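A short worksheet on the structure shown next.
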Amino acid sequence: MTSTTIVAQYVRRTTLAQRHPKVLMGSLGALAVVLSFYSLSVGATEVSMGDVFNALVGDTTDQAARIVLDFQLPRVLLCWLVGIALAVSGGVMQGVIRNPLAAPDVIGVTKGAGFAGMLLLLAIPGLPVFAVVPAAFAGGLGAAALVYLFAYRRGATPVRIALVGIAVSAAFEAGIRFLLVRNPLDVSAALIWLTGSLFGRSMSSVLEILPWVLVLVPLIVIWSRKLDVLGLGDDLAAGLGEPVEKTRRMLLLFAVALAASAVAVSGTIGFIGLIAPHMARRVFGGRHLASIPAAGLFGVLLMLFADMLGRGLAPPLEIPTGLVTAVIGGPYFLYLLVKTGK
Amino acid sequence: MSLSAGTLPRPAESGDGEHRRPRIVTSKQRVTWVTAALLLVLVAGIVWSLSIGSQHIPLTRLPGAIFKPDETDELIVHSIRLPRVVLALCVGAALAVAGALMQAVAANPLAAPEIMGVNAGAVLVVVLAVTIVPSLSGAPTILLAFGGAAAAGISVMLLAGSGRGRVSPVRLALAGVTASSLLISLTQVLIIFDENSTDSVLFWLVGGVNYAGWHDIRILLPWLVFGLLGSFALARSLNLLALGDDMARGLGQNVERTRIFGSALVIVLCGAAVSVAGPVAFIGLIVPHILRRLVGSSYTVLLPLCSIGGGVLILYADVVSRYVRPPYEVPAGVVTALIGAPIFVYLARRQKVTS
């Protein structure tokens, strides 16, 4: 990947988004909301739209309302939060590293966070789950640092980061599997850590990830100018008065924290952080003020879609969300790879 | 290709400097030493593997147990532990030789069955077949595994190679790993539909020899023998291929034919191994690399040694895996993945691969 193709990617815009970015963004948001309502009604037990509405406005007595509020609502909220966290994290990483292949799962953050989170849970069994977030954060940060360290050799090229990231991910995944066989959990818990799943999550999980998203995402959007400046290259950015290294480190820290909080509640869900920012850039162009929020929305849409597919394909069986995102995201990544080679 | 010490530009005993340049040929003496050491380790591993487990069996009773099993202990050895050892050796040989073949055919140090999606493709097809027809086993499964391995491997080559003439190692690895993760995800979806036990999930995800029986070996053996002999026969052509396509052609090689034969052998070896033992990780990547460091990269020497080295690695991984969670048996693939992943990191880091 040469710098010209990256610049070209940043400059390209489709005309509709150029003329009416707000309209398009609004309709994406509306679509996500509609999809969320629909998602509240599908699952092992079908609930009618009317019941969903009743449950949400306050009639919480009957059984349908309990299902909606206790089981479906946390899931849908988690889809939003995890989707936003992963997609924004990926968008920031792609901007900061100036690497279209960067994403929390590609550079090892998700597997590292998953490994650390699982290690802590197994080491101290009675631990409240909110303590997993700092552990996952440390693991994610450690993995990212390892990848950068190993990939750095007179600069870290995009492909080398991607390849070393895959290798480091493989190491952490081996670690996760080792922990799984050493301390057998039940199947659903195992699958959560192997592939990522929103099964059986409650409101407490929502509350664990919520503060991270509420604080970090607005901060990143406010800093989106800095991302644009970093995208111009280190020399030019420094010339424009940006403390390049400091900004880059802060932004990466935010991105890792977002991804780690997502992993802590949902396990290692792959490909969202990779493909949502790409979709956003294709539609809204390379300005981060538009593309970061758009990436968040695409992340939400992808998560809702994957979660509904996982629940609705063969009820009462649940296919973990992470598997569905891998099946959707894998081909997209291969397509990107083929395209960047030309 | 001569292996005598006289043809060496730089003798093997020249100290630290020898590691800087990959050697094509190595002194016969060194090869003999490495072979002897491998065999010694192999024998020790076999004895260790036969004697440990939830029932400890003293060394003195092993010969009787192998040749004339009478008592319970001896039957344990004969019908549970011995097939396990034999299968570990067979699967290791198949995967390691397949890895070396792929590295030669693709001219790519990162090529290996688990990285190129070949193992994942074979697993997906086998799991799919077993889901649809639960009674399926034996020969048809292996044939299906060949199909899956071939389809996955060829797709990855095409994907990575589209757009440019020469496939760069890193693009091949990226395409292969992504395709693998896609295939593995699909496999997991199937497993969730079919069964709900962590054991079966782990078996098809990481592979192992802990459920080995004699009939697995009977299924695998003809394909293994065919694959290994074919590879050894191809070794000299692979040596010429390593000189580069133009040079090989100039020396009268039919480069395309060598590649096609080599790929077909990879598919036979991987498909057969995976369909009985699951995708045991990283054998095909690390065994050829370690041995290349020890004996140089002449395939006439490397391939036979790989067939021993791969077996040794899985055998020891299987022994270690029994200490992980006694008295339960853990798939050996968990251990090979733990050993292999850091070596993968090391290989991915090298300049040659990513420049």
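Quick reminder: no glycine exception, Cβ is built from N, Cα and C everywhere.
Sequence annotations record features per position, and here TrEMBL assigns region 'Disordered' to B:1-22. Taken from TrEMBL, the feature transmembrane segment applies to B:31-52, B:85-106, B:118-136, B:142-160, B:172-193, B:220-243, B:264-291, B:297-316, B:328-348.
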When you scan the chain for residues with a C-beta under 8 Å from the transmembrane segment (B:118-136), skipping those not six or more beyond its ends, what do you find?
98, 102, 144-153, 179-180, 183-184, 186-187, 190-191, 193-194, 204, 266-267, 270-271, 274-275, 278-279
If we skip the immediate neighbours and take only residues 6+ beyond the ends of the transmembrane segment (B:31-52), which ones have a Cβ under 8 Å from one of its Cβ atoms?
3, 58-59, 62, 65-66, 77, 81-82, 84-85, 88-89, 291, 294-295, 301, 305, 308-309, 311-312, 315-316, 318-319, 322
Would you say the transmembrane segment (B:172-193) and the transmembrane segment (B:264-291) are touching, if the rule is that at least three C-beta pairs must lie under 8 angstroms and be 6 or more residues apart?
no
